[in-house]
């Protein structure tokens, strides 16, 4: 009958089709209904020199965005040698900018034939030093106070961990009983953002103070002009300065209002305070008068991060863009360059490499951090994590730190370039 004939034809067609997973060296079906040998392809079929493969009926297209890091050339080199599964797997592994999620947990069974990276980074000039996995949730702050041999990290798991920089071991755990939503250091002070408050610890005198006023979670903090700024969930930025009062060394001097939603990032530069908010705007505040001087509305989603670099302001957003701002006539700021990522940007950080070249770190919603040389924005390398990297912090001696949303704290180091002796 008709159904039996269709079934027979489909079975015959399947029987002549080579298993695409076997071809890539990762078929785990036994028995498999597709062939584990190469069969001659008709001239019109898609091969390795084309932009699509035919896996049964459905073609899988590879866009120019997918064919990164020389993968197109690698695939073309393998044309005519499609039976070598190892070479194909290695070509894909070289081209893939994604880390193997099974390798992260030490249970990848594919070994060298895995299609994804078995490394925490891609690029040169830097390397991993160690990974510290004791936090259970998002790392929201990393601080290395000047003159201290201790590293402080805060997390939404409700703890602040103090790490010994010599041994890499956790020396102390402070359980605050509430989410730590931000953490910074300034001089001998550690400031911890919590729900409705900021905790201030002096690591020299071992004194502790609570700064009240914020409503909701304190999402970001920074220090400038001898003033501590703390951004609250209700859109208000609180400002404290030093006080001679006996009950507290800090005095609330202003509440900066204007944002309509939570403020999630702050930056200080050129005698100005910059604030980014979930209301998609950036506000510029004069740090002497604590008045808003302008509002920037070029982003179309949450402004996730702000950094000041020389005379420029760099901003990132969930709208997948990084914008570079510069002062023009009358002191106003305008966008002079926009860089677009494939995913939303979580955070930005800038630092020089071992040779002093300026490097911009862009953490994206793909569990990776893109590294760009400035001002060209040419990609220098990429760092990977278990989940999105929430923040990056600079350390001494070429060290830097990344903290991700799984609670993983990674320690990295810039590598010195060997100097060639002159004859």
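Just so it is clear, glycine is given a Cβ too, placed from its N, Cα and C backbone atoms.
Marked as domain 'C3H1-type' by TrEMBL: 13-39 (among others).
For 13-39 (among others), the entry in TrEMBL reads zinc finger.
DSSP assignment over the domain 'C3H1-type' (94-121) gives 9 helix, 3 strand, 16 coil. Residues annotated as domain 'C3H1-type' in TrEMBL: 94-121 (among others).
Annotation comment: TrEMBL describes 94-121 (among others) as zinc finger.
Under the heading repeat 'WD', TrEMBL lists 132-173 (among others). Among residues of the same chain six or more beyond the repeat 'WD' (132-173), those with a C-beta under 8 A of the stretch's C-beta atoms are 179-185, 187-190, 192-193, 203, 390-391, 393, 395-396, 401, 403-411.
As annotated by TrEMBL, repeat 'WD' applies to 256-295 (among others). Using a Cβ-Cβ cut-off under 8 Å and counting only residues 6 or more beyond its ends in the same chain, the repeat 'WD' (256-295) has close neighbours at 216-217, 219-225, 227, 229, 231-239, 301-309, 311, 313, 315, 317, 327, 331-333, 347.
Marked as repeat 'WD' by TrEMBL: 296-325 (among others). Per-residue pLDDT, averaged over the repeat 'WD' (296-325), rounds to 95.
Among residues of the same chain six or more beyond the repeat 'WD' (296-325), those with a C-beta under 8 A of the stretch's C-beta atoms are 264-270, 274-278, 280-284, 333-350, 358, 360, 362, 365, 374.
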